Amino acid sequence: MKAERIVNTSVVAALVLFPLWAWMTDAPFLITLATKAVIFALAGVGLNIALGIGGLVSLGHAAFFGLGGYAMGILASHAQAYDPIFNAPFVLEGTKSMPVIWLVAIISSGLAALAIGALSLRTSGVYFIMITLAFGQMLYYFSISWPAYGGEDGLSIYVRNSFPGMNTLDPIQYYVICVALLFAVLLFTSRLARAPFGLALGAARQSPLRVKTVGISPYKLQLVAFTISGMITGLAGALFADLNRFVSPTMFSWQLSGEIIVFILIGGTARLFGPVVGAIVFVLLEHLLGGLSEYWHIYLGLLLLLIVLFARGGLIGLLAGKERSHD
Amino acid sequence: MSPILLAEQVLNGLQLGVMLFVMAAGLTLVFGVMGLINLAHGSLFMVGAFAAAAVAGATGSFLLALVAALAAAAAAGALIEVLVIRRLYDRDHLDQVLATFALILIFSEGTRWIFGSFPLYLNVPDYLSGPVTLPGGIQYPLYRLTLIAIGLAIAGGLFALISKTRLGIQIRAGENDREMIAALGVDISKLYTIVFALGAALAGLAGALVGAIQSVQVGMGEPVLIVAFVVIVIGGIGSIKGALVGAILVGLTDTLGGVLLPELFKLFMDNSTASSAGSALASMLIYILMAGVLIWKPTGLFGAST
C-alpha cells in the first residue's frame, strides 16, 4: 500500500511537471502525445470502475468513447456550419463550448450505458463480454452506414472548441484541461471505491450471493457502476475528438475497446492508477516501437502475452508488490 | 420484389449461415470443452485464407489450397494451444480475452510482415465457376451452392463425430466433468490440443472457402469472428446444435434484412432516406436479434442454464 502510494505520487508529479519540461525544451509534439496518454488514461479509469471494482469485463467501451466523440463532432459541426441541429419543435443550435459538449457527451454516453448495461447485465461471464462487444459493433456499423455525419469518412472540425478563460489552441493549455479532468475523475473514483457503494460493488464481484443475502441487489449496483463507467469513457471520447479535431467510426472499433482493457492490464487491474500508468506506457511504446518498426504491434502483442502469463499484477504490481487494496 | 430475387437472397443467407457455422463450431467447442474464450479464432480464419491463396498461387490447384488451409490453420492452432492457450484454461475470462487479443496482434502483424499489406486473390476454380439453373428458373452461382453443400456436410460430420465416435464421447464427457474423465485415464491435455486444432482447422477451411469470394487480407478475420460470437451467443455457448441454428438465423437475418428493410422503408419514406435508414438499421439487425434472444433467454437458445 505504501509503495503503491509512492508510485501514484510520482505519476501525479510527472503529469504536473511534464508541461513545464516540454515548455522548456519547446517540444509541442510531445505535449500532444502526452495529452493523448492522459485522455486514454481517463477512458481507462472509466472502464476500471466497471472492470476493476465491479469485475464486469466490458469489451464494448469503445461505444461510449465513440458516442462522446460524436457528441462533440455533431455539436461542433452544426456550430461551424451555422446550421441548427433541428428546427422543430424548438430550435437547437450546435455549440463550440467545451463544457456544454462535455455535458452532452456525458449524458448521451451515460444513457447509452444505462440501456446497454440494463440488457447486458442480465447475462454474466462470457456472455457479458460478448454482448458488450456486440453492442459496440452495433454502434460501429451504425456510424459507418449513417451518412448524415460523414459515414465511413468521419467528421472534421476546423478549429478546436473553446473553454472559457483559456486558449485551447495552445497545446499546453489543452493538456492542462485534460489533466485537470483526469485528476478530478481519479479523486472521484478513489472516493467512490471507499464509499459504501464501492465496497458493496466490490463485494458483489467477489460473492454476489452474500450481497443478495444482506438485501442489496447486485444488478442495481452493477448497473450504476456500468453507467458511471460509460459516462467517464464518453467524456474521454469528447476530449479525444477535440484533440484530433476529427471523429470517425474507428472510435467505435472493437480494437479500441480491447486497447482500453490493455491500459488497465498493463498498469494493474483494480488499482486506482493502473489505467494511468498503462495508458502512459502504451502511448510511449507506440511512439518508441512505432519509430523502430512498422510492425510494432508484434512486439506489443508479445509484451502483452508476457504480462498476462507471467506478471499478473501489471506494472504497479511489479513496483509495489502483490498486495491489493480490497481483497 | 420478385420471388426469384427473394429465393436468391434466401440462398445467399443460407450460404453465409453455413460458413458462419463452420467458423462458430470451433469457437463453441473450445468454449464448451475448455471454458476458453478465444478472440484469436479470427486469426486462424485468416491463416487458412492466406495459406490457401499462397498455395493456389504456387500450384494452381484449388483442392491443394484447401488442404493447405486446413493443415496450416490446424498447425497454427496446435502451436498456440501448446505455447499459450493451455496456460489460460484455469485463468479468468479477462486474462483469456487479453492473451488472445495479444495473439491477434501477433498474427495480424506477422501476416502483414510476410505477405505485405496488399490483398491477395484466391480464384474460384473453373469447374466451380459460373451459374447453375435451379428448379423454378433461379440462376445461382455454382460456387456458392458448393459452399452450402460443404457447410451442411461439415455440420453432418460434426454431429456424427460428437454423437458416434470415441473422440466425441470424450468431448461430451469433457464438457460435463473434466476431473472425472482425467481420472478415467483420458489424456486430457492431448484431448484439448486435438479439440483446439479441430476448431482451428474448421476456421481455416472457412477462411479459404470464403476467401475465394472476397479478397484475402489482413484483418479479414475479426469481422467474421465477431459475427461468429453473435452466432454462438444466440445459439447458446457450447452447443453445436445452437451454433447451427444461430448461424442460419444470423445469415438469413443479415442478408434478408439488407435487402428487405430499405424496400420496407420505401413504403412510407422517400427513396433516398429509406435506403440510408434501411441499410443503417440492417447493419445493426443481427445485434438487435442477439439482444432480443438474450432478453428472452439469457443463456441463448440451446445453452445450459446456469
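Cβ atoms are placed via backbone N, Cα and C, with glycine included.
Record features, source TrEMBL:
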type	residues	note
TRANSMEM	B:12-32	transmembrane segment
TRANSMEM	B:39-56	transmembrane segment
TRANSMEM	B:62-85	transmembrane segment
TRANSMEM	B:97-122	transmembrane segment
TRANSMEM	B:142-162	transmembrane segment
TRANSMEM	B:191-213	transmembrane segment
TRANSMEM	B:225-252	transmembrane segment
TRANSMEM	B:273-296	transmembrane segment
Check: At least three Cβ pairs under 8 Å linking the transmembrane segment (B:225-252) and the transmembrane segment (B:12-32), pairs spaced 6 or more in sequence?
Finding: yes
Item checked: For the transmembrane segment (B:39-56), distant same-chain residues with Cβ under 8 A (at least six beyond the ends) -> 23, 26-27, 30, 62, 64-73, 76-77, 80, 97, 100-101, 103-104, 107-108, 111, 115, 120-123, 199-200, 203-208, 210-212, 216, 218-226, 228
Item checked: Long-range Cβ neighbours of the transmembrane segment (B:273-296) (under 8 Å; 6 or more residues past either end) -> 227, 230, 233-234, 249-250, 253-254, 257-258, 261-266
Next item on the list: May I ask which of the stretches B:62-85, B:97-122, B:191-213 has the most CB pairs under 8 A with the transmembrane segment (B:12-32)?
Entry: B:191-213
Check: Where among B:62-85, B:97-122, B:142-162 do we find the most Cβ pairs under 8 Å to the transmembrane segment (B:191-213)?
Finding: B:62-85
